[in-house]
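Step one of this worksheet: look at the structure below.
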Amino acid sequence: MSDRPDPQGPGTRDGEPDDIDLNDPDADLDEDLDADLDDGLDEDERALAAGAGAAAAVAYDIPEGFHSGFACFVGRPNAGKSTLTNAIVGEKIAITSSKPQTTRRIIRGVLNRPDAQLVLVDTPGLHRPRTLLGERLNDLVYETWAGVDVIGVCLPCNQRIGPGDEFLLKEIAELPRRPKLVALATKTDLVSRERIGQHLLKIASMEEQLGLTWEAIVPVSALTDDQVDIVVDELVALLPAGPPLFPDDEVTDEPVETRIAELIREAALEGVSDELPHSIAVIIDEMRPREDRPADKPMMDVFASIVVERESQKGIIIGHRGERLKEVGRTARLQAKQLLGMPVHLAIHVKVMPDWQRDAKYLNRLGF
């Protein structure tokens, strides 16, 4: 398996004219926001696959019959994978969007029960790659599939099962070590009971059609929390016996800087054209506690960069007189405050990295 770097820690920043302080209503929003491609980034090598090296077993008094292991959800874009992951973990660890290929990183969420520890691995959607980034994301998907114990196949009830779903299952069937499969009929809240029944029959017929075995078929709505507990029970029942892999107070191994960067990207994705989301990346350049604050009134200063591929895209992100960027900042700042449990001062810088999705140097700097 291959490890790829994640950008973490502080980086150098060029100058204040390229920053928009989203907390200052009098900030000059018309100043130039030219890219600074010489920013330095600390790179922290992190395991991206869910298999060997993902976590070390934690010393515990293990109850008899305790189970632990990895599961991941697969499916076409917008099949409800990240939403279901968040619902099971009970906390927002993966961003969600109506835009396809929102997930770009391997994100692990941990659910602890008295009898088991379930590690959910949220992965990018498998797709036909058009860029070097797309190729690398697909590599991550295959690596993850090979390392998990159970795969939950998300088949949304509001969409007909088609060639894309069959392609995914055929790819899984060709794995040297095939994980156990659970079919998840997601988004039941969007359709009638009659439609759910038809969908479940179609899913069942795929066993003979594709030569696979479903360990279980579960209709579920992550949005309304309907049968989420049943999904958990089915996944846990398929995990091997073993000790916990993460501390019992940990819900994800994602660094907080990465989580905040994703919250900013999620806010930036809303309301943009279908092509622009693929061109957006976010870097946390620096994150530090505000000095000289009372111990009972802490504040976190966060300096971030939204990266796009063309000058015209920069204007879309900023909006007229910076209004759109200010809204992105407001939305992300509120979520970051909830995540950190303290007020957040957020300043966002917009930069251009030409065709970064196709440039290995840029991809490495951005952590892909």
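Cβ coordinates come from backbone N, Cα and C, glycine included.
In TrEMBL, the feature region 'G3' is placed on 122-125, out of the ranges 122-125, 162-165.
Most buried of the binding-site residues Gly75, Asn78, Lys81, Leu126, Thr188, judged by other Cβ atoms within 10 Å, is Lys81.
Look at Thr188 (GTP binding site): DSSP puts it in a helix.
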